[in-house]
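Student: Sharing a structure here in structure tokens format.
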Amino acid sequence: MAPSLKALGLLLLVGLVAGVQYEIRGNIDLIRSYDIHPDFYDEAQFTEKLSRASERMAQIVGPDFEDFFVHDYKIHGQDTAVFHAHLTLGSNPTVSRQDIIDRIVATEDVQIYFLRKNEFEVHGKRFRVSRADVDHCLHGGILLPNATCACMPYYSGANCEIVSCRNNGIGQNGRCTCPPGLYSAHCEARTCVTKIDSVVDFSSQSLILVINTRTSMAFDLNTIIENIPVLVTDYTNAGIPLASFIVTVYRYTKPVYFMETSSFLNSNDLIDYLHSVTVALSTDDQPTIDAINNAQSTQTVMRPKSTVYVFADSENTFDPTPSTLLSSTNESVVIQQTLAWRNKVILILSQWTATPLDPTGNHFDVLRRVITAVHGDLLIVDKTELVGVIKDLLYYTIGGQNTFVQYYNSVSKTIPILSDAPTQTSYLMLSVENGVTLPNVQDKTGKMLVPDVSGRRFALYRIFQSVTDSVTISGDTIPVHNSRVWFTSTDDVLISYSEDDTVDNNYAHTFNGYRQRPSLYSSFATTTGLTVSRLDSYNSSVTLPASATAAKDATCVFQFKLAAVSACIPGPYVHNVVVATSAGNKYRAVPGYCFTPDTHTAPLWSCINNGTRSGVASCNCAANWEGLHCEVPKCVNGGTPDKFPNGGGRGNCICPFGVSGSFCEILTCAKTSPDTFQSYNRSFAIVVQNSLSANQALVRLNDGLKAMLNQGQSTDFEDYILTTYKARMVNGALFPDVTSTKFSSASAFINATTDDGIAYSYSPTGSQPGLFALETTMRSMDYDKSSIFFFTDSESSMSEGTLNFTDIVQNAVERQIEISIVIIPPYGSLDLCPKDTLFLTYEDLARSTGGNFINFCQPYTTSGDPVFNFIASYGSTHHHTEVVSFYSVSDCSSYISRDFYLSSATNDAYVVVYSPTITNFTVTVIDKSGTTQPLVPDSHSVPFFASYQIKIAAGSSLQYALQLTGASKGQCYVRVTERSQFSAYLGFSPDPSFDRFSRDLTYATHQQPVIHLSSTLQSDPLISMTSFDDNNNLVFMDTFTKRTSGCKYEYIMNNPFTCQNAGDTFLMETTIKTNEATIMRTQRAFCSDLVGCINGGIMLAGQCQCINGYTSLHCEQPTCQNGGTVHDFKCQCDAKHDGDSCQYTKCNDWNFVETHDPREYNFQQVVFVVEINTKNMVLPNSYLQKNIQAFVDSTDDPMIPKQYTLVTFDDTNIRVVVSSTQKDVFLSAFQKGITVAVNQPTNVKGLEAINTAYATLLDLPGIMYVFTASTTAGFTPAVRQRYGVQVNIVWMGTDLTPGNNQINYYAAIARQSNGRLLTVNAIFTPQILSALSPTVLENQLILDDAAKDCSAGVNYKFPVGNLATTLTLVATGISVTVTVTDEKNNMVDLTNSSTFSDVNTLIRTISTTGHTGGFWTVNVKSTGNCFLQVRVNSPLQVIPKFTNDQGDDYGSGTPRVGAGTSSASYITFRIMDSYNSDSNNFGSSVSVIESADTDPAQPWLTFSNFINTTVIVRDPVGCASQFVTPLISWTSTYMKFVVRGMDSNNNNFQRTFFFNKITKANLPDCQNGAGVDQYGFCQCDSNHWGNLCQMRFCKNGGVSAYGLCDCPNGYYGDYCEQYILTP
């Protein structure tokens, strides 16, 4: 199909021609279809080609040329680009129109098809291909977030701009014009609903011409133009009005293809067009079948039962293999469309005597087959006979009804003459082809008949049944000939086929291979029955015996049915129909065709996204896909499948913040961290309390350092720090005396650590500034992962709760500085150890930072100096190691650790144990095989501490567990280390776009750990991390993903986590697995405190003021609703709720399409229900006829035509006169259908007519206008509420006050539909019709109320938001008046707001532009009761639905209360377009619904059951309807609901709805065997859906429509589940 092209700009007439301008259409070889195809269009290249095309035209035209301006391009056929251009010449050109044509025809690269001189010079914008993004969807399509349209059934295209019409309907502007007998939105089949006169209206026809325009047809074209007036006169004389004129001109000059179909409303425009058509040389056969197809498939003004006159002088272009397959060629399409539209085709092939046609082969056979199938004529005529054919022959073919046809037969035959009346003229057409002569025709007496019109190969005979009731074709040798008998009549028989017995009308053809039931329509008024047999089209033999009809439902257009048949002979046949009427039998020969349906195989299991089928019902999916059909993307890094993938910049998955890629596979850091990493350089520090009390215990400190540092020769450290500290008394106050010195060599450092270097001196007994000294030391250390040995005999002067302590812990943890704290006895004596302290501050410091705590200030036994032993042994092995694992053991008497891994057998590995109270330990390691290895402690014995080296055996798996036995019960800490340069650096990020946000995890926040590995591994690692608290309890575990680029911290944990207590530290144990090794690294992490307020809290007066239910110091603790519980500072909700506070009710299944439905309420079908033939309606109907044109013109949208319908009624009849999207059809039928009489019946069928009108609705929403003036008979089914239909009652009775029964019924119907009940004087009919035209575009009712006594004035107050653009008031009552005050209490001037004024009805439309939101007041006065309705035009549209489950997001548009055992329901509300942050409705909300009993006719009689109910908010990103009520009880048959809320500007709004409770009298039973639940909702089986289970689930691409399945070619059955197998 050719792409949709759009020329930018409109053409403007700008004055008389300065030169001479022509409208020209043609083709130039330079520009092909791909040049203008949106997918391949290149602006620069196209502009350059247009310039060259202009130059070429200048060469052809010559010096008179001024401009060649292309304003449009169309693609014809497969590859022909036809330009539409203006050719401008100088003011006095020397070339004529014919000169231009001749010069272009003489070229080989340019074709011309149309050339017309413009009376005015036309200018416009140059053609460009518009490649607009998909930013809107047409015809009910919904724009999804991925910039694609979800189209309604039967629509396609990027913008849903293409409509597909079934049964050869003709689509335009989204609507379908259907063949006769079909009444549905897209010409699909439907069940019987009601008879509509216009669907079988044959009162007018179209004149359809198909003309070939190669040079040899010049004579024909000229003859046709001259004789069109003759043809028009012939139709007039035949009594058949011509509603339209359609012409297709076509020419094929290989490989250039041109075909253009145009339509006109009068013959003069047709003739003018043909005068501009050009001819050109072509020796190729022509695409005549294509042209017939084009003529019957593109113009919605085509009327049924028209004749297609085809003029050509060649065979058909293509050589199709004969086939009866439905979808094979255009031959099939032409047969289908001609039968569907009940058209006839008369194909006139002209020839010069000297060059006759050679009618042989499939090129010609295809024309024969089409003519045979559609019961047309194929006439080969000499061109000299053409004038006579048009002037004398064609007249007789107009309005003909065939009674006999037989094609390509060469035997003698007797043909019956069977006209409707004996005196009617019947016509017999005989035709033959070249090389033979016509046979003779004799009447039943043997008299030879003389033709009235004849040529060498055709003859037309006029025959009267009263003279002879049969004729005989005779002759010595009877040639192959065609014979057709007809007479003129408006009565006809239509035959339709469907596999579903409930269908009214479907195909005009049948199928071989599965069951089809024929249905018949007879236009004979007194038809009592029909009999149908099938005859062979070539010899008239009976192929299916006669069968009598049975009556169908009275609501069917096709009133009769035949027995179903399951087989037929593929190809054409004749329906031989006998119609039984009260005036005798009538006879018709109706064309039929048996198609061969496409065959199918059982569908194979489908695998999409490059998946491959595996077995019968499974798929091997490609990477990144899973699911039964590989339809589900594997989203990584926290992504979830996107319901709207691949468009608008979206991938297949919705990714968390900071993650991108179609599958969320891309993790890129927006900014690279400045961190630098070095894993080898270290500092070493000694912190010594240099008071006199410490000297004795540290006497061998220097010796230990010498042993550790190899007598000063060590190069293990980059620098050394000595910090001494003590408290000093100055003027009675204690001050810290801290000195920190850095050394670059081990020898200098050793020299400084002698007693003299340390300079022990007096310090008062008591606490010492040890933590201050530690803090000073860490500031002096240049390298992370360094170590400090700290010696003291006193508690710290700073407590653990001070900021300094926290800072020290945080700094040490961040930098991975190991602090070993050694408590020594004062003066070397345990007796002097403090009795009242346990050194808990230092113990907590060591534990929190992952260091060591050794308390020598308690009894122990050991050999040697413990300080010397600790430094000499541990000091030599502790540095340049990585912590593999860390265990906090509550009972060291017996402990087995979790497994740990060593990375290499060549690395030195150690186990370090310390305990605050246990002096010695036994340690064994157990490898994966179960082999045990008792560990030997270092030779230097240190109480409360031990260091062991693991001896790794050859071939070890390097996976171990540790078994520990302490000398007694008590707490201990175990650390496994290995000497390695492979480090893992830890950080935290709030999302993957941050490289490293912080080194710590901030309290109450949720961040993802990130890791940098110091070395590149041979294979990609799998990294996991486990977090433990200080008591060795598992807190969290997860895996890591590698980030894509731009990140120093290459790996990020998949999920975030948090810490519970500020100031705490915790362990992060990382396992790195590769193909070659498993590496473990364990680090301490710090939980830093929050600064400020989170979750929207605001700091006021130094305290956080929290919102949205959050509490605590930083607003970090949520308050969970609906039973939610707090976990990790987040609410954990039950299955029915979600949201930060579990505040939202979840939907079971998100109706995501409706979520993105931005359509405003716009009535698609307009139905007039008009009382006729009564005295009271004489004047109103006269006015309606005069003013209906203005109403239609003001309400129709030419881009999206509305469906206009007329239903008339009186006391005895109801007629659906017309329903059409074509204004002229509707208006013509309206004028004819509104009939006048002066009857005064007791009752009319007003209510029943409304009920009939409901059945005509094709497109919802619809609006109905009922004009009536007489008392109506009762008909309660009309009162049943219908969703999507607004009914407006205009009462025009002489008393202007309808009777009580009528007011009750009409008021109920109008108010429950948000419509109006208006009492109007007949003389104001034009004004009320004009006032009603804006209602087609209205949307929201905000108030509908009434009062019993309005004589003193009644005030009505209501909110109007500032999103409203107009406010419309409808007030009714005797002598009614209104005054209005706005939101500022200013009186509103109503002088210019009058829309309608009658003594009892006022309509006022007020502009609200410039008003702020607020409450308005209307005061209504009348004699007696009064009614007021207030509406706004506003984008804030509230759509209610009803459901049996608070989580249901689909719901029913109509309430089901009353159909079940419970008189209650949930009601959901959707605020249209409120999901969109760019929308005016974003942030609007519904808060309260007020329900009340109501009386439709007299609302003031109801005073009870006013209930306000708080509306529950549903998940705004998981529900289309964002609000739902609790279960609401219905306390009356008629209920009024007022919905209140706040708009996006925090203005109050309200909307009013009326709904009926279902009663036994109007219960709409569930269909297809469905029952109801307690709330009345139909419970469908697996094959059906819909509010009433009326819709079918269709298979194999079928579309559910009108309760049926519309099946693709070759599928059939109730659900399209059956098909004919491919052999």
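Cβ from N, Cα, C; glycine included.
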Student: According to TrEMBL, which residue among Cys664, Cys669 is joined to Cys655 by a disulfide bond?
Tutor: Cys664
Student: TrEMBL pairs Cys1607 with one of Cys1594, Cys1616 in a disulfide bond, so which one is it?
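Tutor: Here TrEMBL pairs Cys1607 in a disulfide with Cys1616.
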Student: May I ask for the residues of the chain that lie six or more residues beyond the domain 'EGF-like' (1585-1617) and have a Cβ under 8 Å from a Cβ within it?
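Tutor: Same-chain contacts beyond the flanks: 153-154, 166, 184-186, 188-191, 326-327, 499-500, 502-503, 511, 514-515, 597-600, 603, 1283, 1452-1454, 1456, 1564-1570, 1578-1579.
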Student: Is the domain 'EGF-like' (626-665) packed against any residues at least 6 beyond its ends, judged by a Cβ distance under 8 Å, and which are they?
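Tutor: 134, 144-148, 605-611, 617-619, 991-994, 1041, 1044, 1054-1055, 1150, 1152.
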Student: Cβ distance under 8 Å to Cys1616 (disulfide bond), same chain, sequence separation 6 or more: which residues?
Tutor: Cys1594, Lys1595, Asn1596, Gly1597, Gly1598, Cys1605, Cys1607, Pro1608
Student: When you measure from the Cβ of Cys664 (disulfide bond), how many other Cβ atoms are you left with inside 10 Å?
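Tutor: There are 25 of them.
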Student: Would you list the DSSP helix, strand and coil counts for the residues of the domain 'EGF-like' (1585-1617)?
Tutor: 0 helix, 11 strand, 22 coil
Student: Show which residues of the chain containing Cys655 (disulfide bond), separated from it by at least 6 in sequence, have their CB under 8 Å from its CB.
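Tutor: Long-range Cβ contacts: Cys635, Asn637, Gly638, Gly639, Gly661, Cys664.
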Student: On average, what pLDDT score does this prediction assign to the domain 'EGF-like' (626-665)?
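Tutor: A mean pLDDT of 88 is what the predicted model shows over the domain 'EGF-like' (626-665).
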Student: Measure the Cβ-based neighbour count of Cys1607 (disulfide bond), defined as the other Cβ atoms within 10 Å of its Cβ.
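Tutor: Around Cys1607 (disulfide bond), other Cβ atoms within 10 Å: 25.
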